[in-house]
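**Student:** Annotation source TrEMBL lists (6S)-NADPHX binding site at 60-64, 121-127, D150, A240, G298, H349, D412. Taken from TrEMBL, the feature K(+) binding site covers N61, D117, S153. The feature AMP binding site is assigned by TrEMBL to K382, G383, G384, D385, T386, G411. What TrEMBL records for 14-207 is domain 'YjeF N-terminal'. Per TrEMBL, the feature domain 'YjeF C-terminal' maps to 207-467.
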Amino acid sequence: MIPPGVPVVSAAAMVAAEQAVFAAGASQIELMERAGTAVAREALRFANQRPVLVLAGPGNNGGDGYVAARLLEEAGLDVTVATMGDAKAGAAAHMRSRWEGRTVALEDAAPRAFLVDGLLGIGKARPFTPDLGDRLRTLVEGAQFVLSIDIPSGFDTDSGDDLGSPVTADRTVALGALKPVHCIGDGLAGCGAVMLADIGIPVESAWHSLARPALARPSARANKYSRGLVVVIEGEMPGAARLSACAAASGAGYVILAGDTASDGQPHAIVRRRVTTPETMTELLDDSRIGAVVVGPGLGRGQNARRMLDLALSSSHALILDGDALSLLGTDAGARLSDRRAPKVLTPHSGEFDRMFGPGGGSKIERTIAGAKESGAHIIHKGGDTVIAAPSGEVILGANGSPWLSTAGTGDVLAGTLATQLAGGALSHLEACEAAVWLHGRAAQLCGPAFHADDLIANLPRAIAECL
């Protein structure tokens, strides 16, 4: 659980924001006092008079820990600080000097019920030594509640990777701004619930956390075309395209399911259009009222599938490419899509993304931005830590879904949900992607456990209702 709709910054950007505040005359000691106060306030919500162990590293995170320890002791709690090395010069050393309570070396610390993790912050991430990792594991496993300061120690701030840390926080106090580790990778589980603390550092970022969209109700003059006409191209596995079409019908005014196997069936509100030749597909796609086309779910990878993909790419409509369409594009995705002037959105999972753009290094955020710039497409890089990137470099980080989404067909539902948001024309392409991901995740939450893709579709109207 992360705060919605707020800036997310890299470690370097956060350091730069801090330096700008100091250059403007702010005191590092004052800033550290605010940070530690925020940590102490959060600790008091959950400590319930349990004995507290604060782990204080040598840097600013440790300094924040000393402030929290002092304030918690002043509030009447039994507090011990376990140190890992001497506090560095500056504000951290000053806060260490103000702590007059019980202090032990980390290797001599005994587990306590409430653990505050202030060993390592957003500086250069590094794995723990085996001895230190074992010691920390003992303290974490012996605690009933773990509260991390800014990030869990031993996690990479920008990639969210766990570098062998034994820390799994119940709650993390993000200081000043969210960082990628709060939203992606191993950090999603490692951070627990994230609370954002304003400590007086203004931040600006092209990256934000996912937020609930504000959707408009249909006007009194609305008709089925103004609410959006969506075409879903059916292929070798028609069930996938039908899931997309049913999802699109949860918001669009008119949905056409087109393919050579298209047949009558429920729901009857979806129009079946039998398309057996390139000519009949071209004729269908010439309709200027079409707001979005979905191609890829269950499309297949044979010659006919390639022809259908080529026709969709040559159309002038907003295009959602999913599933087999992404595999057919393969490593040619960037070259083929960059010249297409009409809007396009790619919805790959990690394997499909790697097949298109390569499995190169860098964080999921960096790689998704690079793919968006190369292809000129918006990309919804799916997963438990979904990353939405625009060619402009704007990013939305979404983690409102459910692990139960890892079942066949849910990606097809996302494609149809996205088509509705694009076809309506009321949202920008990035806003439509964000709205679709939020609605998809919220519908999953409403399903509860052990659902399948059809259940997800059934809950889309309830998710939409929450946004009106």
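Backbone N, Cα and C atoms are what each Cβ position is placed from, and that goes for glycine too.
Caution: TrEMBL annotation is automatic and unverified by curators.
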**Student:** Run through the Cβ atoms and count how many others sit within 10 Å of the one on G63 ((6S)-NADPHX binding site).
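**Tutor:** Result for G63 ((6S)-NADPHX binding site): 31 other Cβ atoms within 10 Å.
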**Student:** Reduce the DSSP letter at T386 (AMP binding site) to three states and note it down.
**Tutor:** strand
**Student:** If you count Cβ atoms within 10 Å of the Cβ of N60 ((6S)-NADPHX binding site), leaving out that atom itself, what do you get?
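**Tutor:** Its Cβ has 26 other Cβ atoms within 10 Å.
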**Student:** Please tell me which one of the binding-site residues listed here (G63, A125, H349, K382) sits closest to D117 (K(+) binding site), measuring Cα to Cα?
**Tutor:** G63
**Student:** Per residue, counting other C-beta atoms within 10 angstroms of the C-beta, which of the binding-site residues H349, K382 reaches the highest number?
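**Tutor:** The residue with the most neighbouring Cβ atoms within 10 Å is K382.
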**Student:** Suppose the K(+) site is N61, D117, S153. Which further residues of the same chain have a Cβ inside 8 angstroms of that site's Cβ centroid?
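**Tutor:** Other same-chain residues near the K(+) site: L55, G57, G65, G118, L119, L120, G121, S148, I149, D150, I151, P152, V167.
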**Student:** Write down the Cα-Cα distance for I122 ((6S)-NADPHX binding site) and S153 (K(+) binding site), rounded and given in Å.
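**Tutor:** A Cα-Cα distance of 9 Å.
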**Student:** Would you measure the largest Cα separation among K382, G383, G384, D385, T386, G411 for the AMP site and round it to whole Å?
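**Tutor:** Roughly 14 Å, rounded to the nearest whole number.
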**Student:** Can you name the residues of this chain that are 6 or more positions from I122 ((6S)-NADPHX binding site) yet have a C-beta less than 8 Å from its C-beta?
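**Tutor:** Once residues fewer than 6 apart are set aside, I122 ((6S)-NADPHX binding site) is near A11, M14, V15, D150, I151, T157, K179.
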**Student:** Report the nearest neighbour of H349 ((6S)-NADPHX binding site) in space among the binding-site residues G383, G384, T386, comparing Cα positions.
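**Tutor:** That would be G383, nearest by Cα distance.
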**Student:** Among the binding-site residues listed here (G383, G384, D385, T386), which has the Cα closest to the Cα of G63 ((6S)-NADPHX binding site)?
**Tutor:** D385
